[in-house]
């Protein structure tokens, strides 16, 4: 394990540090060797240390330390500065046989050549470029071999895919990490796959590795991954230690079991039904039970049967629509079809998928973004088809319900068109016959006064058949945000959970306020809500050191059902309408998130690592 640096004697004319002990990936005891001298000067220019087999005793002459002192070195297997390494700081070099070791004079010339090249490179730069180059982040203290650095990048790629990191940030995050670790690599990300190509001068051609995994969103582990990544690139821990920590996360068990996730699904549908779809207490209870059925089939059946997994979404949409239509067809209009069917399938709506595809396209990632967008549209069409089939199937069975529904639709229609011929009874009139289309309008459409969010409510019914009062939003919004975060596997005993709930409540408030002044424009309203989420989330990450992505997920996901309820797309059951409404909401969210991020990072210093945010 790596040991921290310790200061030398107080009487030393310059700051000296004990040489750290380095682990060897091969498992031998070579990594435990120290330099012959008990103290070794660490110069500002020494960025990365690597193992190099050289002579046992010599003095390194560098322009950067002539005025300070000489660098004491030790036996073969010691660590030297990266700019003195003839291999360019590529990591540990296995110890060679004494008969095959280089001549000391030749090795000295190679080191001086590397230092001269570095000096000439700095000489060719202007002042700003030289300052930027010298301030470039490098690993100085926790150095490890090139093998361990490659392994860390591969494990980081697998962890990001497994636990649902923002896909449009994966490539840039891996590239920045490789640059800081001094690894020449390229990364290509397509859905469920990352192609990693590493370049090593010792091998001919690149070393290509494929990382393929199908993951799901896990907010708690994503936060830990970001902390590990940040510690590695900030030189707090080594890449080898980071790999060990990532391996522990990859094999860890989920924080919540399937029954806990079913309970969270029930509570989420119970809360979102009155907030987004105007459901009553009876409607919310039925929608919650429907969500439990959907969750049970998802966790207990669809994950174990590949054949049923292909038709899971469409079958659940058909079942929920069938049950909702059956309950709403009971004489007396006690149940609302729109509220029950929409709230029951909120858990399988592809809102997050459409959002990530929009973010990919906005980030100029055409391949990954277009694939996800087309898939999400087809997926949405399947859901709409299932809703329509389930409703029509019950109406085909119950003819009386079909007649009552048609009669109710006629009563609620304020005007309709009739193709007819008008025959005047006054024969003296010139226009005794009129052929054409006539518009008939109801004089007193009083039934429309009792329509709330697409649900017909009689005023003389009991309170549990009526919509919830407005002040209940102060209770339901924080609770929905809480259970939404828990369903995405956020630990309940964490300070990050409080931040998620606060940001989500602010997003809903901004969305609600914008909807009061901007009518029927779900994209603009969603943009305002997303801008609020982005400002709070990125400011929290920048000023308080939190993780922007995990703190913003709950608020962003809250905007998807809210935006769809404003357009009324789910009530129509038309696949094209639902898909178009979801794309409009996602585009608005994408624009708001990007604008807020540019606004927050416009001021202050530049980030030293890749942004882990939307």
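Positions of Cβ are set from backbone N, Cα and C atoms, glycine also.
Automatic prediction, not curation, is the source of TrEMBL annotations.
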Among 254-273, 274-293, 334-353, TrEMBL lists transmembrane segment at 334-353
If one takes Cβ-Cβ under 8 Å and requires six or more residues beyond its ends, the residues near the transmembrane segment (468-486) are 219, 256, 264, 267-268, 271-272, 274-275, 280-281, 492, 497, 500-501, 504-505, 508, 512, 553-555, 557-558
In the same chain, residues at least 6 away from the ends of the transmembrane segment (492-510) whose Cβ sits under 8 Å of its Cβ atoms read 219-220, 223, 275, 473, 477-478, 480-482, 484-486, 528-533, 536-537, 540, 546-547, 550-556, 558-559, 562
